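Annotated features, as they stand in TrEMBL:
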- C89, E110, A111, G118, V183, D219, H234, M286, R296, M297, G298: substrate binding site (BINDING)
- C217: 2,3-didehydroalanine (Cys) (MOD_RES)
Amino acid sequence: MAPPAAMFSETATSVDSVPLKGDFAVKTAPIVQKNTSKTLAELADSWEHDFTFAPIRESQVSRAMTRRYFQDLDTYAESDIVIVGAGSCGLSTAYMLGKARPDLKIAIIEASVSPGGGAWLGGQLFSAMVMRKPADAFLADLGIPYDDEGDFVVVKHAALFTSTLLSKVLQFPNIKLFNATAVEDLITRPMPNGSVRIAGVVTNWTLVSMHHDDQSCMDPNTINAPIVISTTGHDGPFGAFCVKRLVSMQQIQKLGGMRGLDMNRAEDAIVKRTREVVPGLIVGGMELSEVDGANRMGPTFGAMALSGVKAAEEALRVFDERKLQNAV
Ligand SMILES: Cc1cc2nc3c(=O)[nH]c(=O)nc-3n(C[C@H](O)[C@H](O)[C@H](O)COP(=O)(O)OP(=O)(O)OC[C@H]3O[C@@H](n4cnc5c(N)ncnc54)[C@H](O)[C@@H]3O)c2cc1C
């Protein structure tokens, strides 16, 4: 396909014949501290006269972003734990793991540009988020205020829960969120009994993943990890991804399919059954309802948070064993 005309000008010399001159190594520009930081109080009322942004060259912006991103790709190509999906369950898992094990490299892969999954609002797009006790323990740990209504608590806006959790997770130095990136497949290794162990994920830009039907040969990237925790939510265009793949690769027979709404049964079931479904793959949150045929619970979110707490526990319980297996 020809490149877009506006971006391409034909020259007489072919690219191959142009000798490459100069040093092409990426250099870190020396930091010249011309502009010392100011406080907001110092900025006040200075807009007309003294105010100007510090100068920048456009390439500095490009390099500031790309250098960090490519460094992260390099660092996390071998991760300790990969979390698929940054919804309420995935983020809760990441929070617990980040706190417990600052020594582990944890990558979160989120298909959407905006992390948070379905937890920005409560039921029927209302603002408040209900959590049944004992999930208030998770809110207390995060320092999120709530109204105590006896057997359950209410956060005034679901977005307060999600934004607080997200901001804490992103501050852990050992956690990297790759958003706008979809998990397209799982890396597998054979086990002695003929089944497989999950040993990482196959990734692609989500926009590329969405165009495999109309563009060919857009190969993915990979991340190796002894533990993958899948929290991709309900079945849907992207949801329940890893467990659907387990069915298609004949590692589980079939999906139970999410059952009708029953708050009391559903939340206990999701938390209690959060587990390693096949070696190396832990499933939590609403994705699990598709495996086990568990009830849905509607707009009560305690099970998502505590399923994340349990997923982190399960991951650490099997981590050393899987890491040893993954070394060969
Ligand atoms: C039909 C429907 C029914 C619902 N019923 C309930 C209910 O019964 N109970 C309830 O609590 N909530 C329900 N919800 C709301 C909401 O989905 C969940 O509460 C909650 O957000 C689930 O949390 P989660 O972390 O398991 O998954 P989600 O919040 O859905 O997060 C999953 C995340 O994974 C990402 N993802 C998916 N596939 C991939 C992939 N291949 N690679 C990378 N990232 C991926 C998604 O972009 C998303 O951010 C429902 C929503 C819908 C649409």
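Numbers run from 1 along the shown chain.
Backbone N, Cα and C define each Cβ position, glycine as well.
Predicted automatically and left uncurated, TrEMBL annotations should be read as such.
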Open item on the list: Going by DSSP, is H234 (substrate binding site) sitting in a helix, a strand, or coil?
Closed with: coil
TODO: Whole number in angstrom, please: the longest C-alpha to C-alpha distance across C89, E110, A111, G118, V183, D219, H234, M286, R296, M297, G298 for substrate.
DONE: 38
Task: Residue among recorded positions C89, A111, V183, C217 with least C-beta crowding, 10 angstrom cut-off - done: C217
Task: Under 8 Å by Cβ from R296 (substrate binding site), counting only residues of that chain that are 6 or more apart - done: M258, R259, G260, L261, D262, A266, M286, S289
Task: A111 (substrate binding site) to C217 (2,3-didehydroalanine (Cys)) - Cα separation in whole Å - done: 20
Open item on the list: Need the DSSP three-state call for R296 (substrate binding site) to compare against my parser.
Closed with: strand
- [ ] Across all the protein chains here, work out how many other Cβ atoms are within 10 Å of the Cβ of H234 (substrate binding site).
- [x] 16
Open item on the list: Roughly how many Å lie between the Cα atoms of V183 (substrate binding site) and the residue listed as '2,3-didehydroalanine (Cys)', rounded to a whole value?
Closed with: 17
TODO: Would you mind listing, in sequence order, the residues at least six apart from G298 (substrate binding site) in the same chain with a Cβ closer than 8 Å to its Cβ?
DONE: G123, L261, M263
- [ ] Do me a favour and check the Cα-Cα span between C217 (2,3-didehydroalanine (Cys)) and C89 (substrate binding site); whole Å is fine.
- [x] 33
TODO: Return the members of V183, C217, H234 (the recorded positions) with CB less than 6 angstroms from at least one atom of ligand 1, or none.
DONE: V183, H234
Open item on the list: According to DSSP, collapsed to three classes, what secondary structure does C217 (2,3-didehydroalanine (Cys)) have?
Closed with: coil
